[in-house]
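Features of the protein shown, as given by TrEMBL:
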type    : residues                    : note
BINDING : SER16, GLU35, ALA36, VAL243 : FAD binding site
DOMAIN  : 15-459                      : domain 'Amine oxidase'
REGION  : 486-524                     : region 'Disordered'
Amino acid sequence: DKAGPAKVVVMGGGLSGLSTAKHLVDAGHEPIVLEARSLLGGKIAAWTDEDGDVSETGLHVFFGAYPNAMTLFENLGVSDRLQWKPHQMLFAKPGRPTREFAVFDFPNIPAPLNAGVAILSCADMLTWPEKLQLGLGLIPAYLFGQSYVEKQEGVTVQEWMEERGIPQRVTDEVFLAMSKALGFIGPKKLSMQCVLIALNRFLQETSGSRIAFLDGNPTERLCEPLKEYIEQRGGTLRTDCPVEKILVNPSDNTVAGLLLAGNEVVSGDYYVNAMPVDGLKRLVPPEWKELPYFSNLQKLRGIPVMNLHVWFDRKLSTVDNLIFSRSPLLSVYADMSEACNGYADSERSMLELVLAPAAPYMQKTDEEILQITLQELEQLFPQEIRADQEIDGYAKVVKFTCVRTPTSVYETVPGVDDARPLQQSPIDNFFCAGDFSRQKYLASMEGAILSGKLAATAVSDFDLATASARSANQLSERARDPKIAVTSTPDRTMFITKPASSIPKEVEEELTSQKPEPAAATTV
């Protein structure tokens with residue numbers, strides 16, 4: 001490289017930020033990752049309490065149709081940490097006298113034949129005419145692939161079904177559960193593009209819909225290997241470093257540095273946002289707000305999500321896989337004492353459940369959430385669980401935790417796809433990762449990983465192609481002021497970005513003394 005490794009400051013230590021840093025060190029650069037909380041992981045972060053029990057931000061699973069995630073695990077040498085489950089899709093049948101599932105078994109034959117056999121051989125949920133109508137509706141997705149899928153961005157799941165004459169019962173029986181699992185909202189709001197991206201991969205790839213669980217705490221079992229990989233190759237990762245302001249050069253509006261909590265200043269050659277879109281929106285400098293790239297971000301917003309963990313005093317009759325609950329309140333669940341080696345327990349079940357849509361429940365107390373969850377579980381486990389915990393002979397709750405994320409993945413509704421930013425911004429030294437940025441896997445772990453790869457590539461390509469890319473107008477770095485208290489984010493709590501209302505006088509003076517330099521050429 002003509003100028004040696006570039007120093008790249010990555011804002012956010014979630015999966016997209018870690019992926020960005022990983023791909024930057026692979027390209028020979030020196031990333032420094034700044035994470036606001038005390039642990040890495042972002043939306044896959046997990047906390048171990050004093051009992052040794054783990055609470056996760058979300059019930060995360062990996063699909064066979066996640067090529068970038070699979071490559072990442074291979075590069076880190078931790079593919080054995082993926083626990084692959086039988087190739088099935090299980091839908092609960094609430095309200096039955098006993099705990100029952102409708103099972104779609106995918107035989108070991110090429111796609112899309114395996115999906116066809118799975119759907120046709122399942123006698124529950126859908127009638128033969130309903131299966132036929134659904135199959136006919138999905139043919140264009142299989143034949144025309146991604147181009148067809150992208151054209152369905154502007155319609156909801158409900159509208160797409162109605163336009164094709166697919167009976168409402170198909171939506172109620174199957175696509176309500178899928179919509180809540182994929183986007184945390186119902187079929188009347190979710191863009192059909194989101195569902196079709198998943199279904200298209202399932203139809204194209206033989207193992208696309210097969211599910212794997214990580215074998216333990218994601219922060220320890222995935223983020224820690226990523227951290228070690230990055231540090232061994234010259235990168236740096238810091239926690240408890242919330243960004244409070246993006247400082248811009250008055251001459252050309254490029255980034256001059258970042259103001260962190262405690263009046264610390266960090267600077268580099270390039271800057272990559274890997275924070276959720278709601279955090280980025282709070283930090284966009286006034287000088288950038290009128291640019292369409294940044295003003296369009298206002299169309300994107302994170303959706304509330306709630307992840308629940310219920311420990312019982314006995315084993316329940318669950319199975320070792322992910323289950324679509326098909327209940328009004330819950331999205332998906334799994335008995336983690338069976339599904340995950342790190343949480344294995346031969347005597348007690350721990351159900352991890354996603355509550356979705358979560359917006360109406362975010363302000364309720366943990367006790368209220370537990371009670372309405374037990375009412376739902378009574379419908380799913382009629383012989384084993386009662387909402388009234390005073391009734392003898394049924395499973396008793398011994399512990400409950402709830403992780404609230406007020407703004408999680410961006411809400412995948414029709415009409416927002418064009419607002420998603422490219423990885424290269426119109427600001428020469430500012431780039432963007434995050435699952436909300438432009439990549440084909442939307443709001444998912446695969447999308448986050450791919451976005452980091454694309455952002456790192458954009459930085460490397462720009463640095464290689466532009467002789468004057470690296471700005472000389474970078475602020476002097478300043479250490480944190482020990483006299484200023486910096487508050488840590490409590491466990492199981494989302495960090496809320498709080499922009500600084502002012503900047504230290506000496507930083508302001510340095511900014512105003514910067515000399516103008518020719519702006520680097522850019523194609524954005």
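Just so it is clear, glycine is given a Cβ too, placed from its N, Cα and C backbone atoms.
According to DSSP, SER16 (FAD binding site) is assigned to a helical segment. The full span of the recorded FAD binding residues, SER16, GLU35, ALA36, VAL243, taken as their largest Cα to Cα distance, is 17 Å. DSSP assigns GLU35 (FAD binding site) to coil in the three-state reduction, outside any helix or strand. For the recorded FAD site, residues SER16, GLU35, ALA36, VAL243 set the reference point as the centre of their Cβ atoms, and the other residues of that chain within 8 Å of it by Cβ are VAL10, MET11, GLY12, GLY13, GLY14, GLY17, VAL33, LEU34, ARG37, GLY42, CYS241, PRO242, ALA274, MET275, GLY279, PHE495. Look at the binding-site residues ALA36, VAL243 and count other Cβ atoms within 10 Å of each Cβ; ALA36 has the fewest. VAL243 (FAD binding site) carries a strand DSSP state (E or B). Its Cβ placed at the centre, GLU35 (FAD binding site) has 28 other Cβ atoms within 10 Å.
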